[in-house]
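**Q** Quick one: this structure, given as structure tokens, is what I'll be asking you about.
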Amino acid sequence: RREMAIARQVLCLSAFLSLPHARSEPIRYSLAEEADSGSLVGNLAQDAGLTPAQLSARRARLVSEDGRQHFHLDRATGRLVVASRLDREELCGQSGTCMLPFELLLANPLQFFRVEVALEDINDHSPVFPEERVTFRIVETREPGSRFPLEVARDLDIGSNSIQAYRITPEVEYFSVSYGSRSYGDKYVELVLEKPLDREENAEMDFNLIAVDGGSPPRSGTTQVHIVVLDVNDNAPVFTQERFTAQVLENVPEGSVVLSVLATDRDTGVNGDITYEFSQAVDQSDSLFEIEPKLGDIKLTKPLDFEVADTHELSVRATDGGGLSAICKVLVEVLDVNDNAPELMVSSFSSPLPENSVPGTVVALFSVRDRDAGANGKISCALQDQLFFSLRPAYNKYYELVTVSALDREETAQYILTVTAADAGSPPLTTTQTFTVEISDVNDNAPVFNQTSYTMYVRENNVPSVLVGAVSAADADVGLNAKVTYSLSPVQATEQPLCSCISVNSENGQVFVLRPLDYEKMRQTEVTVSASDAGSPPLRANVTVRLVVVDENDNAPVVLYPAQDSSPASSELVPMAAEAGYLVTKVVAVDADSGQNSWLSYHLLRATDPGLFAVGAQSGEVRLRRPVTERDTVKQKLIVLVRDNGQPPLSATAALSALLLKDFSDMRQPHSSPATEDEGNSLTIYLIISLVFVSLLFLISTAAFIARKVCRRKELKGGHVLYGADNLPSSLADAAAAGTLPHGYCYEISLTTGSGNSEFKFLKPILPSLPPQQCAMGGAPNDEQVFPCIPVSIDD
């Protein structure tokens with residue numbers, strides 16, 4: 001026990017000194033077999049340079065190649081303890097060393113340490129003979145020194161705990177025991193005849209053969225030996241070889257002959273007839289074979305498996321008819337064939353993988369193994385058609401799947417990686433493992449607007465909170481990293497203050513104008529809209545939104561000249577000799593609107609003599625339409641309409657006056673002296689009196705005309721017949737039908753001054769009229785009956 005403790009301390013010290021190279025040198029421990037569950041192996045955390053807190057934080061776990069967990073790691077203390085009872089003979093058989101390898105696997109970052117536990121043998125098995133009773137038939141003529149082979153006892157322990165000696169009890173004078181090892185390593189045990197036998201003295205004898213191991217305390221095994229003394233058969237069978245060896249492929253069919261053993265006997269007759277049989281064996285491997293008793297052919301009864309056992313050792317006994325026998329060893333070596341595909345065992349796999357993982361990040365850790373041997377067990381791994389990942393040998397048969405370049409989830413969100421493990425057999429066998437690596441999103445893409453800038457329009461005098469448009473931005477990320485919110489970016493101190501009339505919806509980017517705008521005060525404005533995602537930290541993008549105010553026709557034209565204030569307006573002077581087209585004056589007006597709303601047109605709305613003046617529709621120039629005559633009023637008043645081109649149009653009027661003068665020496669008469677003003681006032685009174693007089697005269701004339709009409713109607717009722725359309729003279733009827741009148745018919749029209757531009761209608765005459773001369777004479781030629789001439793007066 002003290003030696004074991006010292007050895008364990010030495011191994012722990014070696015593991016501690018090799019800690020900086022934990023990736024390449026394993027951490028080794030030593031442990032005696034059959035240790036109770038929970039027995040301490042060592043402080044693995046301390047030997048690996050880790051703390052118990054790191055074991056928990058990095059999810060430490062133990063991984064073995066065969067998947068069996070012989071040990072348990074206590075994360076709270078970092079101690080490595082036995083998980084279940086360990087039997088060295090079950091785990092390693094007769095191997096000189098029994099090493100239990102496994103890995104300590106850590107995450108975040110991925111790291112592993114190789115750990116090896118050497119399992120030490122204890123003397124827990126006693127020697128066992130293949131047969132409980134062995135019978136020898138020995139003729140009494142055998143000479144002293146003759147040897148009789150026995151099956152050696154077997155002990156599952158190794159080293160000093162294996163069989164060390166044989167002895168006979170109780171001691172007999174006829175026999176002794178000889179044991180040892182041959183040149184090729186096989187152990188033997190034989191009975192040696194010490195003195196001649198005498199059948200008549202001792203026909204049979206019994207004794208025990210004991211095998212003793214070297215353990216402390218030692219263990220022993222016993223078989224009973226029965227000796228039968230025979231008469232004359234003095235030649236035992238002899239095998240042609242002390243040891244037979246055969247090599248067989250593991251895939252040979254059942255019933256195939258593995259090899260044939262041969263023994264000879266110099267006796268004849270029954271004493272020379274040899275039969276073959278298997279001696280009983282402890283491991284029961286003989287059940288795979290059978291032997292033909294007469295020929296010695298060893299045949300296969302079950303399929304062989306190189307991975308289960310690569311050799312089989314048999315004992316064959318040849319016995320003649322007289323009871324003499326010989327034993328030989330048969331060694332069957334099983335040759336491996338490539339019947340096992342490589343096995344790929346994943347120890348760790350990280351998915352999803354952040355897209356900002358640096359090159360060299362470990363995605364998966366896996367190991368490969370092939371149960372075949374030699375070239376059939378050599379494995380190579382390859383990653384198919386990938387530019388972003390590669391395989392990197394880690395330790396022994398471990399491989400790491402690592403990234404080799406930057407990843408971009410927006411370009412590729414998922415990678416399907418196929419790892420192929422192939423052995424070197426012929427034909428090679430392969431195994432594939434598929435790793436589906438999901439790439440998780442990182443906020444590495446800022447929102448992008450669908451336009452480099454936006455121009456939106458709003459009509460002035462808009463209603464509050466009117467929608468004028470929307471901005472839109474997309475983010476190539478996903479989840480919260482792609483959720484875009486909109487806002488107005490604050491202005492810098494050196495920039496113009498932000499317009500408070502614009503607002504943007506944070507969810508959908510709709511842009512609103514909050515209050516009515518006036519084109520004449522602000523024609524356009526610019527704001528910066530920011531789109532920000534919900535990542536951490538958030539990324540943003542800005543875009544310029546230009547708001548253009550569209551003009552409405554909300555401003556009437558304003559006349560600049562002539563001035564329209566309350567002061568007396570000056571009169572334009574026009575010479576009497578002016579011809580048509582003479583420029584009297586020019587009306588100048590402006591409109592605060594823009595575009596077609598500011599296009600002005602000029603129209604003569606009212607004038608003392610409308611036919612005398614004309615106004616340029618575009619220029620506003622007032623010109624004479626015709627030459628001035630003596631009949632034209634000296635003082636002309638005009639009202640010019642100025643109208644814009646909006647919908648609906650707005651207008652303004654400009655009042656102006658013009659004086660018609662024979663020469664410009666009279667230009668001061670209207671404003672010469674106070675006497676002139678009195679004369680003007682008197683003239684106004686005269687005009688009023690004349691207007692009253694004319695009105696009375698018109699009323700009297702109208703009453704006389706009506707009275708005369710009434711009298712004429714009474715005369716017609718008294719017997720006068722008027723010609724209608726049916727009894728007119730033929731010449732007049734034809735003329736009326738043709739729509740023309742003879743030259744002798746006329747109209748008399750009286751027009752007042754200033755009616756040159758007045759509109760009136762002529763009624764198509766139905767009745768003929770006399771020429772003016774005949775109307776004056778009061779009759780008609782040839783005493784023809786005519787209609788009276790009715791003078792028509794058309795006033796202005």
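Each residue, glycine too, has its Cβ placed from N, Cα and C.
Okay, these came from TrEMBL:
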| type | residues | note |
| --- | --- | --- |
| SIGNAL | 1-24 | signal peptide |
| DOMAIN | 23-129 | domain 'Cadherin' |
| DOMAIN | 130-239 | domain 'Cadherin' |
| DOMAIN | 240-344 | domain 'Cadherin' |
| DOMAIN | 345-449 | domain 'Cadherin' |
| DOMAIN | 450-559 | domain 'Cadherin' |
| DOMAIN | 574-676 | domain 'Cadherin' |
| TRANSMEM | 683-707 | transmembrane segment |
**Q** Grab the same-chain neighbours of the transmembrane segment (683-707) for me: Cβ-Cβ under 8 Å, and only residues 6 or more beyond its ends, written as numbers and ranges.
**A** none
**Q** Mean pLDDT across the domain 'Cadherin' (345-449), rounded to an integer, is what?
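**A** Its mean pLDDT is 89.
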**Q** May I ask which of the stretches 240-344, 345-449, 450-559, 574-676 has the most CB pairs under 8 A with the domain 'Cadherin' (23-129)?
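**A** Maximum Cβ contact count belongs to 345-449.
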**Q** Report the DSSP secondary-structure composition of the domain 'Cadherin' (345-449) as helix, strand and coil residue counts.
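**A** Secondary-structure composition of the domain 'Cadherin' (345-449): 4 helix, 54 strand, 47 coil.
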**Q** In the domain 'Cadherin' (240-344), how many residues does DSSP call helix, how many strand, and how many coil?
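**A** Summed over the domain 'Cadherin' (240-344), the classes give 8 helix, 46 strand, 51 coil.
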**Q** How many helix, strand and coil residues does the domain 'Cadherin' (130-239) contain under DSSP?
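**A** Secondary-structure composition of the domain 'Cadherin' (130-239): 3 helix, 56 strand, 51 coil.
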**Q** Using DSSP, what's the helix, strand and coil tally for the domain 'Cadherin' (574-676)?
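**A** Tallied per class, the domain 'Cadherin' (574-676) gives 15 helix, 43 strand, 45 coil.
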